[in-house]
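Chemist: The following block contains the structure, expressed as structure tokens.
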Amino acid sequence: METLVLQALSGLASASSLFLVASGLTVIFGVSRIVNFAHGSFYMLGAYLAWTLVTSLPRGHLGFWGGVIGAALGVGLVGLVVEVLLLRRIYRAPELFQLLATFGVVLIVQDLALLAWGAQDLLGPRAPGLRGSTGILGMRFPDYELFLIVVGPVVLGLLLLLFHRTRWGTLVRAATADREMAAALGVNQRLLFTSVFVLGSLLAGLGGALQVPRESVNLHMDLSIIVQAFVVVVVGGLGSLTGAALAALLIGELHAFGILVLPKITLVLVFLVMAVVLVLRPHGLLGRPQDRAQPATGGAEPVIGPAPRPLLRLGAAALLAAVVLPPFAGDYALSVLTEIAILILFAASLHLIMGPGGMASFGHAAYFGMGAYGAALAAKWLAAPMELGLAVAPLAAGLFGLVFGWFCVRLSGVYSAMLTLAFAQITWSVAFQWVELTGGDNGILGVWPAAWATPKLVYYYLTLTLCIGATLLLRRVIHAPFGYALRAQRDSALRAEAIGIDAFRTRWLAFALAAVMAGLAGGLFAYAKGSVFPTFLDIPRSVDALLMVLLGGVQTLSGPIIGAIAYTGLQEQLVRLTDLWRLLLGGVIVALVLFFPQGLAGAARARWETRHGDA
Amino acid sequence: MLRVTGLSAHYGRAHILDGVALEVGPGEVVVLLGRNGAGKSTTLKAIMGLVPPSAGSLRFLGREIAGREPFEIARLGLGYVPEERRIFHDLTVMENLEVGRRPAPAGMRPWTPERLFALFPGLGALRDRPGGRMSGGEQQMLTIARTLMGNPRLILLDEPSEGLAPVVVERMAEALRALKADGLSILLSEQNLHFARQVGDRATIIEKGRIRWSGAIPELMAAEAVREQYLSV
């Protein structure tokens, strides 16, 4: 009994911390509709800044609390800079672009933090006056945790007062509901959005700063908190403060008790709950459908026509080069080329659901990884040869695509994207935690190609054939009646249904087909590397796929191909050139979002069309 | 007070407004008449900066406002009441009014919720009612009241009689006459000729994005051929 109470209390303390971060995220989303990936980075910055301030200021109450407040304010200032320099310019851009831009900020902050604070974990001092513990039911509970339990509800109360009892709050709520109408009434949204973003960043910074006495400050805080914060915000309902509080409570307690009851699947549990909530309540616990929601990719999409002749010639020349030149390439170049071919298929498969399908996926790595693990597990447990493994990979991924897709394609916009993320995290957690089957963090080694395909050049040609074949098949699908139906339901699900298209089934099949193709890419990747690891299905890999598609341009068929080549090439070069490749890559991403909002292929097409008249 | 010349606007490649010209003097009520899709709403939105004009001049109180942002135009004293009303559903009546509140220009008696409740008697009892739980007529009163809280010199009023019961339309006409008596200028877009002649001084007829006829209301009532050609359904 006593353990249960203490466990519940520590659940409350983590719920409180989680709420601080999630509240900022949900407030920002509610007003600006921006899904801010960099929110976790602000949290991390808050922790680092607080560590620096608290350790350099004189010890005592003033030094500690002054440091915490100062860190929160400092992060608010960083938020101000990010909003004014970057986000303000892209409020009208499609949601995914905003996500991409904020992910660029994540990369930049990671390297800046590394430069400023170094790679080692930092331990901060404990809070003065809260170092001890209090006896509860005969057991000791840390005072600082009790303090955190109080902070969450206090912040919630203050925020509710701010939003419901001040003119600023009333204006923010009005602009949240209908930006244009608020503007027509003389409300300067720019100022409003900036102030909201600063407030949200400040809350993230405060959340991070308050963690300093609890845990070490390190460079992984950003991604680990952002995923949890996303879960809380989505489960609570995007934009709902009370919802976020409820969800934080739910997730916090789930963690606390999950560890007692089912220590093996704590990671899965959280995402399972998110999936269940979204299936039962598509807009989260307290969320509502967005008033004037934008489609995921914004506005009317350009019609996809056959490629103009010069582009075909260019593509043919590139393909010819890919076939003729490799015999003269070294082993390293061959592995890079093999990887690029695989990533082209991976990007093209995601493009099918994002471009023509109009759906967003934050978890496409799940199917890539599922293919890789399918092949590796078949090799490990069934001693399956490569040929069989390469057949198992797309089938396994497709099967999961059918199951997960059945849930995901029912939702729309950010919720759907978050559900794909949840499923991806579930598969990741299984690969990570089910050590007996998957080897956990150590992965599965010894996944080698068949003897005939072992030479790097042969394996390259095998990969090239399968990947280019599959990519061309995907293009064919887009130009087939199924592709028309897919685009029709994207542009107007209602009208598509009215002419007899089963929008749900169309989306579902597209999702499964994309999973099959991603699975094939994953299988090829497993044999290329000789091993599989949980990183094959983690978030950074999903983000890679997103980046490739968005970099190339969502609404062009050559986009994913160009994006995959550009992204892999860029990353490869940057890693070789400098230790600060994240900083540079982040900078490039931000620049691309600002200057090429249609992606590389999109920008090229726009130039082509202005020069040759509108096609 | 407001002078529009050569105003054009496009949605994509479609020409929606083609050289629209009209004028509203101080304390005047001008009715923009025309059938569905003639370009009435777009004219009002273009004046307000909600649809970017592709050509033309918009002069308000002697200043060029074309190309300015909607919130700046609103702050110069131009109010906009949209056709769809666009009440903030989660906000109460009082909060909706608060969003519209702006300081009054010198020499003008500022609008207060109390004054507005006198003008629209139905609203006073609903102060704390969320906007989403009001009838269509109540919402229409609220959307006008909300715009008046900005103390505008001129309001753009988009089809206020649409979808309202006849008795509510009568009350609306009464309120508009009171506003006019108070010195407010109004540019009113309408399809309902009966309503238009109760409140309007002058009429301008728009069809397919072009101005076809302008004149005083009595002239329009006399010109049966004009009404037949542009307004009859």
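Each residue, glycine too, has its Cβ placed from N, Cα and C.
These numbers come from a predicted model, not from an experiment.
The transmembrane segment annotation in TrEMBL covers A:6-29, A:64-87, A:99-119, A:146-163, A:191-213, A:225-250, A:257-280, A:332-353, A:458-478, A:508-527, A:547-568, A:580-600 (among others).
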Chemist: Kindly say whether the transmembrane segment (A:191-213) and the transmembrane segment (A:332-353) touch, using the definition of 3 or more Cβ pairs under 8 Å where each pair is 6 or more positions apart.
Modeler: no
Chemist: In the same chain, who gets a Cβ under 8 Å from the transmembrane segment (A:332-353) while lying at least 6 residues past its ends?
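Modeler: Residues packing against the transmembrane segment (A:332-353) from afar: 322, 326, 359, 361, 364, 367-368, 456-457, 459-460, 463-464, 466-468, 470-471, 474-475, 477-478, 507, 510-511, 513-518, 520-522, 524-525, 528, 544-546, 548-549, 552, 554, 557, 559-561, 563-565, 567-569, 572.
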Chemist: Count the Cβ pairs between the transmembrane segment (A:6-29) and the transmembrane segment (A:508-527) that lie under 8 angstroms and are 6 or more residues apart in sequence, then report whether there are at least 3.
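Modeler: Counting Cβ pairs under 8 Å, fewer than 3, so no.
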Chemist: Mind checking which residues of the chain, 6+ beyond the ends of the transmembrane segment (A:146-163), have their Cβ under 8 Å from one of its Cβ atoms?
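Modeler: For the transmembrane segment (A:146-163), the list is 9, 12-13, 15-17, 19-20, 23, 27, 127, 130, 134, 169, 172-173, 203, 206, 210, 214, 241-242, 245, 248.
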Chemist: I need to check the long-range neighbours of the transmembrane segment (A:580-600): which residues 6 or more away from its ends have a CB within less than 8 Å of a CB in the stretch?
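Modeler: Sequence-remote neighbours of the transmembrane segment (A:580-600) are 86, 89-90, 93, 97, 100-101, 103-108, 110-112, 115, 547, 550-556, 559, 562-563, 566, 570-571, 574, 606.
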